[in-house]
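**Q** So that we are looking at the same thing, I have put the structure below in structure tokens.
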Amino acid sequence: MKKDKKDIRALSKEQLRDFFVTIGDKAFRGNQVYEWLWSKSAHNFEDMTNISKETRALLEENFVINHIKVDNMQRSNDGTIKNAVKLHDGFTVESVLIPTFSRTTACVSSQVGCSLDCKFCATAKLKRMRNLNPDEIYDQVVAIDRESRLYNNMPLSNIVFMGMGEPLMNYKNVLKSIEKITSPEGLGMSPKRITVSTSGVPKMIKKLADDEVKFNLAVSLHSAIDEVRTSIMPFNATFSLEDLKESLVYWYEKTKKRVTYEYLIWKDINDRQEDIDALVDFCKLIPCKVNIIEYNPIDDGEFQQASSEITDRYKDALENNQITVTVRRSRGKDIDAACGQLANKSAQD
Ligand code: SAH
């Protein structure tokens with residue numbers, strides 16, 4: 001019966017090797033199966049053509065491969081692709097492929113829903129149902145890479161954890177997925193091309209530093225003033241800017257890697273001179289760069305994108321203080337694939 005079978009991709013290579021030894025086969029068989037599961041991304045045991053029929057039947061009896069299924073793929077005029085991804089237990093998450101002139105980026109989800117309550121984010125409207133497993137994150141990357149090659153003639157070049165969920169609240173599985181994505185036995189991608197984006201969980205930022213991770217860190221800041229930040233990201237009342245700052249200094253001291261701050265600018269929320277001054281001040285803490293993102297409306301107008309003059313004012317102030325800033329235009333809006341819009345419609349209805 002299916003429910004008694006173990007998820008084979010929860011096993012390490014060593015455990016797979018041990019399994020084959022205990023059934024009287026060679027440990028090496030474990031390596032072969034491991035290769036099928038990860039670098040070849042097999043969906044079922046029958047595909048494992050260098051494994052005997054008997055062994056494949058035995059694997060079938062004992063294990064399952066909980067592969068994701070791309071349920072619905074939408075392509076935008078600008079080349080953006082959005083996948084609605086069905087998980088083995090029926091939940092759906094979304095991932096996005098964003099092609100630009102110089103790179104092809106996969107934006108992947110790390111949780112079903114989200115436990116944080118950012119007022120401007122579509123995913124926040126969904127309750128957090130569960131964490132994704134490492135293989136479910138890995139599969140999203142594999143699916144997007146295939147689509148990128150197929151439709152855009154380009155392999156995937158970058159990955160951002162900016163889909164649904166808060167990656168640092170699914171710390172272990174996110175790190176395991178990155179281990180597999182970067183391993184030569186997985187996809188062999190450079191960690192320099194991977195960015196984990198967090199709303200700012202100080203304790204976990206410090207843990208990343210202690211674990212000496214090699215990927216990039218982005219923090220969704222949106223305001224450098226506690227009262228303002230708490231009003232739009234209520235968890236800031238618990239993880240204050242002071243704690244966030246301390247964790248960022250710790251991160252920089254340990255990793256020597258600059259941090260990216262994601263920043264949205266809204267009318268009547270963070271469009272005052274004091275908001276600009278506070279951000280400039282915040283940016284002096286450690287080497288960093290600022291990404292100003294365009295707001296993608298998710299509801300009936302509680303939040304409104306500030307005018308381009310305000311964006312220019314932010315940009316000038318940062319640049320006058322030698323802080324690198326980029327202003328990013330939104331992509332894939334026509335298919336609700338833009339930043340912060342991922343929520344999967346069926347779950348909302
Ligand atoms: N929880 C993580 C990753 C998911 S959100 C984080 O907070 O970083 C990915 C990015 O999209 C974040 O920078 C987030 O602030 C931003 N975002 C959320 N809602 C948005 C919206 N409606 N328009 C534009 N960006 C949004």
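Every residue gets a Cβ built from N, Cα and C, even glycine.
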**Q** Going by the S-adenosyl-L-methionine site in TrEMBL, where G165, E166, S220, L221, H222, N296 are listed, which of the candidates S102, S190, S197, S247 is also part of it?
**A** S197
**Q** Taking ligand 1 as the reference and 6 angstroms as the Cβ limit (strictly under), which recorded positions among E94, C121, N296 are close?
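**A** List returned for ligand 1: C121, N296.
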**Q** Tell me, roughly as an integer, the mean pLDDT over the domain 'Radical SAM core' (100-334).
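**A** Per the prediction, mean pLDDT sits at 95 for the domain 'Radical SAM core' (100-334).
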**Q** So for N296 (S-adenosyl-L-methionine binding site), how many other CB atoms are inside 10 Å of its CB?
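**A** Step by step: centre on the Cβ of N296 (S-adenosyl-L-methionine binding site), count other Cβ atoms within 10 Å, giving 21.
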